[in-house]
Amino acid sequence: MTMSDLRRRGLLIILSSPSGAGKSTLARRLMAWDETLSFSVSATTRQARPGEEDGVHYRFLPEAEFKSLVSSGQMLEHAHVFGNFYGSPMAPVSQAIEAGHDVLFDIDWQGAQQIRNSDLGKHTLSIFILPPSIPELKRRLESRAQDSDDVIEKRMRKSWDEISRWDAYDYVLVNDDLSVTEERLKTIITAERLRREQQPALQTHVRALQTEFEDLEQ
């Protein structure tokens, strides 16, 4: 049996960071590096905005259906934000990882904690991206030219609450050089894919080795 025959389970890869730390750019680079990586499609009870497609940008659900999924344990994580519910349905993620595909999650520390405590928690890899400094974080937000000064100020105030949760993650990277951080992320993911728990065919392979060994001794 070759390494290519040892089909692996996929990983639930959680990327978290304060806004402006480079998480979205890194996620795009990871998906360009490995086309089997995909983002988890969240479910929400809010109305679709112009241009949004059901099943592509979000799964748009009635509130009763969303709550039913939560109460029956079919949501990996969920939250109530500005009057609407958001969450990650378990079924499509389970199907993806059993097929050997990794799923990316762009969620905060609370969502990460819920996923780690779920039935799929043992297949979770959590990574937090830190900025090199607070002034640099603010500079990056300002350089986007996407938000007003008030919005930037709100993002900056929220950033410390997110940064203070850094020690709840498996890996923490300081993104002072995007290319270096990208390579470190790839190294982490490559190694985590080889965890014993992620390779269910190993047991069969070892049994085959045992049989071959016993045949040699006969």
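Each residue, glycine too, has its Cβ placed from N, Cα and C.
As recorded in Swiss-Prot:
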BINDING   S17, P18, S19, G20, A21, G22, K23, S24  ATP binding site
DOMAIN    10-190  domain 'Guanylate kinase-like'
Lowest local Cβ density among S17, S19, S24, which the record lists as binding-site residues, within 10 Å: S24
Going by C-beta under 8 A and a gap of 6 or more residues, the same-chain neighbours of G22 (ATP binding site) are I129, P131, R140, N175, L178, T181
Taking P18, G20, A21, K23 as the binding-site residues to compare, which has the smallest set of other Cβ atoms within 10 Å? K23
Centre the Cβ atoms of S17, P18, S19, G20, A21, G22, K23, S24, go out 8 Å, and tell me which other residues of that chain have a Cβ in range of the ATP site. I129, P131, L137, R140, N175
Give the helix, strand or coil assignment DSSP yields for S17 (ATP binding site). coil
Where S24 (ATP binding site) falls in three-state DSSP terms: helix
Looking only at the domain 'Guanylate kinase-like' (10-190), what is the mean pLDDT? 93
